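To keep things clear, I will list the structure first and then write my remarks on it.
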Amino acid sequence: MAHLLLLHGPNLNLLGTREPEVYGRTTLAQIDAALVDRAQAAGHALDCLQSNAEHVLVERIHAAREDGTAYILINPAAFTHTSLALRDALLGVGLPFVEIHLSNPHAREPFRHHSYLSDKADGVICGFGADSYRLALEAVIARLECDA
């Protein structure tokens, strides 16, 4: 059994009501519940955390190195384009991670095209709405099974 960590960045607590034409109508609670269930069905544990504060996400990433986390799934949201702190935290703990986005940042405004995480992530899944999370988890589960 692997311990997985799912991190959600700023404004994702508003999913379901914030710009549903871009982000869909699925709530964050629905996404988390579905992923926890799927992880458990595959024999893994999944912890979820959403924060609008960069330092909270950084501190949780730091804690992941000590708590047995095997893999991080992260939707950094707006921090994708601005946060060297998240990049450095992820590199500092040395855990594999996958970057997730509900929308396709490359099909949006030019300032959303750059990610400070993508070049260090094992993979990036974007543009499939709430299914982006499910697809990312399936990829992580497959990776863990290959490594077992």
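Note: Cβ is positioned from N, Cα and C throughout, glycine not excepted.
Going by Swiss-Prot, these are the annotated features:
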SITE      ARG18  site 'Transition state stabilizer'
ACT_SITE  TYR23  active site, proton acceptor
BINDING   ASN75, HIS81, ASP88, LEU102, SER103, ARG112  substrate binding site
ACT_SITE  HIS101  active site, proton donor
Nearest by CA distance to HIS101 (active site, proton donor): which of the recorded positions is it, out of ARG18, TYR23, ASN75, ARG112? ASN75
Between the C-alpha atoms of ARG18 (site 'Transition state stabilizer') and ASP88 (substrate binding site), the distance in angstrom, to the nearest integer, is 29
Taking only the CA atoms, the spacing between SER103 (substrate binding site) and TYR23 (active site, proton acceptor), expressed in whole angstrom, is 6
Quick check on the recorded positions ARG18, HIS81, HIS101, ARG112: which one has the highest count of other Cβ atoms within 10 Å of its Cβ? HIS101
Around the residue listed as 'active site, proton acceptor', how many other CB atoms lie within 10 A of its CB? 20
Among the binding-site residues listed here, ASN75, SER103, whose Cβ has the fewest other Cβ atoms inside 10 Å? SER103
For ASN75 (substrate binding site), the three-state DSSP class is strand
What three-state class does DSSP give ARG18 (site 'Transition state stabilizer')? coil
For LEU102 (substrate binding site), the number of neighbouring Cβ atoms whose distance to its own Cβ is within 10 Å equals 24
Rounded to a whole angstrom, what is the largest C-alpha distance between any two of the residues ASN75, HIS81, ASP88, LEU102, SER103, ARG112 that the record assigns to substrate? 24
Would you kindly give the Cα-Cα distance separating the residue listed as 'active site, proton acceptor' and HIS81 (substrate binding site), rounded to the nearest Å? 18
